[in-house]
Amino acid sequence: MAPFSRFYRAMVLKMNQHEDEATTSGITDGAADEQNRVIFINRPQPQKFVNNRISTAKYSLPSFVPLFLFEQFRRYSNCFFLLIALLQQIPDVSPTGRWTTLTPLVLILTVSAIKEIVEDYKRHRADEETNRRKVEVLSEGRWRSIRWEKLQVGDICKITNNQFFPADLVLLASSEPQSIAFIETSNLDGETNLKTRQAHPDTARLENISEMAEFRATLQCEPPNRHLYEFNGMLKEANAKTIPLGLEQMLQRGAMLRNTTWVLAAVVYTGHETKLMKNSTKAPLKRSSIDRQTNTHILMLFIILIVLSLISAAFNELWLLRRTNTDWYIALEEAQNANFGFNFLTFLILYNNLIPISLQVTAEIVRFFQAKFIAMDSEMYHAETDTPAMARTSNLNEELGMVRYVFSDKTGTLTCNIMDFHKCSIGEIIYNKPGPNERLEDTLLYHNLKEHPTAPDIAEFLTMLAVCHTVIPEVVDGKINYHAASPDERALVMGAAGFGWVFETRTPHSVTVMAQGKRLHYSVLHVLAFTSARKRMSVIARAPNGEIKLFCKGADSVIYPRLAGGAQTAQYAAATLEHLSHFAAEGLRTLVFATADIPEHVYKDWSNTYHKASIAIQDREQKIEEAALLIENNLRLLGATAIEDKLQDGVPETIASLLKANINVWVLTGDKQETAINIAHSARLIHTAMPLLLLNEDSLDGTRESLSRHCTELGENLRKQNEVALVIDGKTLKYAMGCDLKKDFIDLCVSCKVVVCCRVSPIQKAEVVDMVSRATGAVTLAIGDGANDVAMIQRASVGIGISGVEGLQAVCASDYSIAQFRFLLRLLLVHGAWNYSRISKLILYSFYKNICLYVIELWFAIYSAWSGQILFERWTIGFYNVIFTALPPFAIGLFDKICSPEIMIRHPVLYVPSQQGLLFNVRVFWVWAVNALLHSVLLFWLPMLLASHHVLWPNGKDGGYLVLGNLVYTYVVATVCLKAGLATHSWTWVTHVSIWGSIALWIIFIVVYSNLYPAILIGAVMRGMDRMVFTSLVFWFALLLIPAATLIPDLLITVVHNSAFKTMTEAVRESEIKKRDPAALLAHPRHSLTETARLLQNVRSVFGRRSTTRANMELELSHGFAFSQEEGASVSQADVIRAYDTSQPRGRC
């Protein structure tokens, strides 16, 4: 012990050189009185506050009509059709009747309204589940159970263990010693460790209902705000001094009471004024990228339509000028009741169907059923919780196929919120925890305890696990339940119990451990708490034999330098370090354990020194740290533990596939940096060879300098993706998101393959998502399970809620909900890619078929004196989209597949074409439009040529323009239906029914419609049309010839393209059809090995220059160090354990 004593005396002499200085401090009130909220406790309120009802829905009853109409008429197509419908009401202007546009427009709006009502009703129903939860409120001297939505500011409520807080409350009393309460805030900030709250001693006496009923006080606090970690107020009881209130008394909505039988609290903020809801944003009206692109195309077509109408009206004027005098016998002067403007409106109405009015209703119906397919997918059904996937909106189905960035929460999204003791290293030997069916006597550790040379170290290691912690045991029905502020500590204590060292009892000054049938009592002398700066925790305890032991656990970077004999030569050091690397490679959280024997006289001297440091007025924290350094030295290494922060099933594989699909995955969490990085390693988001950029700055200037340095180091690789991970904390993020640094920050972010944001607030999550969306223009997806994720879920292009253990608020605010993170892969790679392809084709095909038919009216105008005369019967024009070409878009939109789901998931690279928008863009749209224009030329002039030589019937008679119109109409229907088949990847029986059935429907319609008049007074001009058309052999000959002649060029182009210029998707589809493995096609790397090696080497050289502090941090992270513990708590962990005596019964209210 001589080296320890000499070291100790030297350090004491050094510390004594510094004299304590007394200082005074003052407190200033930062808020003006008029801004403060005044609340009367147990009395009527002086003013009306908002109720506690919350809503995450898009619409309310009064807002539905204006918001819905705004959403619908943001689409240019609906504005256009409303204009046409109004123009058609002008007498003698419309060549197609007064109701042919208004009727389908009303139908479209009705269908859309019904869909929006159904989808928003689900949100209202989920909100009702939250609003109708029950809470006990003090009323007329007794506890009465009311709904959350009925809770009011100033009410006193009672919350019991494992209940969520219904509003923002101020703690008045609790069942625990010293009125301590434990809360879990993972729903707010993602941290899994419990936080302590403590009622003020002056209100802690209010433990029974009679005292609480008589309690009268005035509470004054700051107005509602979104700052989760700030609260200031004061409580003034009648005839008593004013009590200060702070964050240590605040119980926030969304948090949960843990390890505490009950608490009594007063309501200060309710409903949308709570801090949780202040961090949420209003439910936005989201639109898909394809919708916005379609809007642009419609605008372009509208301009073209106006040009065509102007040209047609101009040609009409020219024709009349030339023919009025010469062709006097047809009374053209009388026909000139229309001027140029009148003709323009006529042609505008005639050509309006170039923009497909049926597109919106077809797309809405298709999206609705696509959403049903998502909900019906058994592969995304979670049997354990009986939870299927759910599409809460169908407007964004295709957006799922275009995601470039995924922003994920950590706690409850990637992880299960369960810490599990996995294995440990003791004396250079790794021991796994006993299996579920394995007896302790059969384990290696049990045998080594009997006869191995390291048996004393094993016993001391397990003793340390059972003693060095702040866990509180509770015996319930003869079984010990462990309550801990730190989930890591609970896992360690349960791990020791699994090996036979059972922690039984805690009193204010001792702990009792049952070890191998012996009950051991350890007196706890001091607890040196864990902090992120210390990265270690120590307990000084007196063993049953009277010896004083120091038990110290923490990161290897702080334990190893304190080992006796040095980190290199200490016993077990090298092997334990290898084991740490091995544990970290498996994604486990590690802690190193060491001990020291403290002589009695050394402990007494140190205890005096520590007491002086703890009562110092100036630099208290620094002096306490220096005092701790005196005792935490000359340690003897025992071993290390490995705890698994359980990931959800399939998380690593899902993330690996998302990365292969060229999707960037960012983790945004309120948890600690070490924990977040550890999870990123476990989830295979970060690998051991990947350099880390750590941004932990405390000032704007420091953030600016750090960002500038990293951007400069990247050089020409800036704004190009590199094999680098960026880790930034919330404080630095606040500076980096400032106006002058935002550009540099986003440049650095997009240069990194992985970004992890730690200690971020809910609103910061939303701001990061918004920043990336605006800066890159990419489709973003946010996924989370807690109320702290609502803001980013609403801000992202697509929001995914996980039906987790943290309530339903994330699900309520989401666009889609799934039960597990792994289902995201199928949602994106299968349903997303399929829906993008289907909707793209549906929109392109809808424009194609309308251009095909309605441009023919332009060609016919050449022969009809530009009069606006229609070639087709008016009801057949209306039924074209509603009946005769309605089925192929549905077949494409619902049943077309690029590849099978198994191939899509096995080869994530197939997601890239949809992600990059290759199937629907300006070029593709106008290729289809020009294709339709060429088809319309062939479909009009080929029948025109056939009919021009009087060969339709053997007698040489003509049937008039309407016969020609029905011939052309038939060939158009046949051609566009066959074109749908040509564009379809996956032919099913539905495809066959839609194509051949549509053609058959037109034939049947001619037969029926030609024989209605005069029995029914409609369609007089179609009387006998079936006999005229079907008796013509030319008609039947052309029915085979014209569609084939029209589509043969398309077929040839498709064959050549798929043979000589096939895309990867087409090659994989071909391999699947031929039942070959497409893996060989996808095995080619995107970069050569040498190029990849050069880039990686460049990246490593750039980030190879590290400071000592950063090198230590990276060493800790590479060895898997992570530990969850609340810092700066209102009640220190030492005080918490001193307050408990588990041998006594707990409080009751």
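Here the Cβ of each residue, glycine as well, is placed from N, Cα and C on the backbone.
Keep in mind that TrEMBL annotations are predicted by a computer and have not been checked by a curator.
Broken down with DSSP, the domain 'P-type ATPase N-terminal' (41-102) shows 22 helix, 1 strand, 39 coil. The domain 'P-type ATPase N-terminal' feature in TrEMBL is assigned to 41-102.
Look at TrEMBL and you will find 131-197 tagged as domain 'P-type ATPase A'.
Summarising the annotation, TrEMBL assigns transmembrane segment to 298-320 (among others).
Listed by sequence, the residues of this chain that lie at least six past the ends of the transmembrane segment (340-359) yet keep a Cβ under 8 A from its Cβ atoms are 77, 80-81, 84, 87-88, 90, 93-96, 101, 104-105, 108, 294, 298, 301-302, 304-306, 308-310, 312-314, 316-317, 843, 846-847, 849-851, 853-855, 857-858, 861, 866, 868, 870, 877, 880-882, 886. Under the heading transmembrane segment, TrEMBL lists 340-359 (among others).
Per TrEMBL, the feature active site, 4-aspartylphosphate intermediate maps to Asp409.
Per TrEMBL, Mg(2+) binding site is recorded for Asp409, Thr411, Asp785, Asp789. The Cβ of Thr411 (Mg(2+) binding site) has 29 neighbouring Cβ atoms from other residues within 10 Å, across all protein chains displayed.
In sequence order, Asp189, Thr669, Gly670, Asp671, Lys672, Gln673, Asp729, Gly730, Lys731 are the residues of the chain that are 6 or more apart from Arg759 (ATP binding site) and have a CB within less than 8 Å of its CB. Among the features that TrEMBL reports, ATP binding site is placed at Asp409, Lys410, Thr411, Glu489, Phe530, Lys553, Arg589, Thr669, Gly670, Asp671, Arg759, Lys765, Asn788, Asp789.
The domain 'P-type ATPase C-terminal' annotation in TrEMBL covers 811-1062. For the domain 'P-type ATPase C-terminal' (811-1062), the predicted model reports an average pLDDT of 90.
Residues or ranges marked as transmembrane segment by TrEMBL: 847-866 (among others). Among residues of the same chain six or more beyond the transmembrane segment (847-866), those with a C-beta under 8 A of the stretch's C-beta atoms are 297, 301, 308, 312-313, 315-316, 319, 323, 343, 347, 350-351, 353-356, 359, 880-881, 885, 925, 928-929, 931-933, 935-937, 939-941, 961, 968-969, 972, 975-976, 979.
Residues annotated as transmembrane segment in TrEMBL: 878-899 (among others). Within the chain, the transmembrane segment (878-899) has long-range Cβ neighbours (under 8 A, six or more residues past its boundaries) at 96, 100, 104, 353, 356-358, 362-363, 365-366, 369-370, 373, 833-834, 837-839, 841-842, 845-846, 849-850, 853, 910, 969, 973, 976-977, 980-981, 983-986, 988, 990-991, 993-995, 997-998, 1001-1002, 1005, 1065, 1068-1069, 1072.
Beyond the ends of the transmembrane segment (920-941), by six or more residues, the same chain brings 290, 293, 297, 836, 839-840, 843-845, 847-853, 855-856, 859-860, 968, 971-972, 975, 979, 1042, 1045-1046, 1050 to within a C-beta distance below 8 angstroms of the stretch. Taken from TrEMBL, the feature transmembrane segment applies to 920-941 (among others).
Residues or ranges marked as transmembrane segment in TrEMBL: 961-981 (among others).
Counting only same-chain residues 6+ beyond the ends of the transmembrane segment (993-1013), those with a CB under 8 A from a CB of the stretch are 875-876, 879, 883-888, 890-891, 966, 969-970, 973-974, 977-978, 980-981, 1019-1020, 1022-1027, 1029-1030. The transmembrane segment annotation in TrEMBL covers 993-1013 (among others).
Residues or ranges marked as transmembrane segment in TrEMBL: 1033-1056 (among others). Within the chain carrying the transmembrane segment (1033-1056), a Cβ under 8 angstroms from the stretch's Cβ atoms is held by residues 931, 935, 938-939, 942-943, 946, 951-952, 967, 970-971, 974-975, 978-979, 982, all 6 or more beyond its ends.
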Secondary structure tally of the domain 'P-type ATPase A' (131-197) (DSSP, helix then strand then coil):
11 helix, 34 strand, 22 coil
Packing count at Asp789 (Mg(2+) binding site) (other Cβ atoms within 10 Å of its Cβ):
37
I'd like the number of other C-beta atoms within 10 A of the C-beta of Asp785 (Mg(2+) binding site), please.
33
When the Cα-Cα distance from Asp785 (Mg(2+) binding site) is computed for each of the recorded positions Asp409, Phe530, Arg589, which gives the smallest value?
Asp409
When the Cα-Cα distance from Asp789 (Mg(2+) binding site) is computed for each of the recorded positions Asp409, Phe530, Arg589, which gives the smallest value?
Asp409
When you look at Asp409, Lys410, Thr411, Glu489, Phe530, Lys553, Arg589, Thr669, Gly670, Asp671, Arg759, Lys765, Asn788, Asp789, which the record names as binding ATP, what is the longest CA to CA distance in angstrom?
33
Measure the Cβ-based neighbour count of Asn788 (ATP binding site), defined as the other Cβ atoms within 10 Å of its Cβ.
32
Restricting the comparison to the binding-site residues Phe530, Arg589, Asn788, which residue's C-alpha is spatially nearest the C-alpha of Asp409 (active site, 4-aspartylphosphate intermediate)?
Asn788
Between Phe530 (ATP binding site) and Thr411 (Mg(2+) binding site), what is the CA-CA distance rounded to a whole number of Å?
22
Integer Å distance between the CA atoms belonging to Thr411 (Mg(2+) binding site) and Arg589 (ATP binding site):
15
Quick one: of Asp409, Phe530, Arg589, Gly670, which of the recorded positions has the smallest count of other CB atoms within 10 A?
Phe530
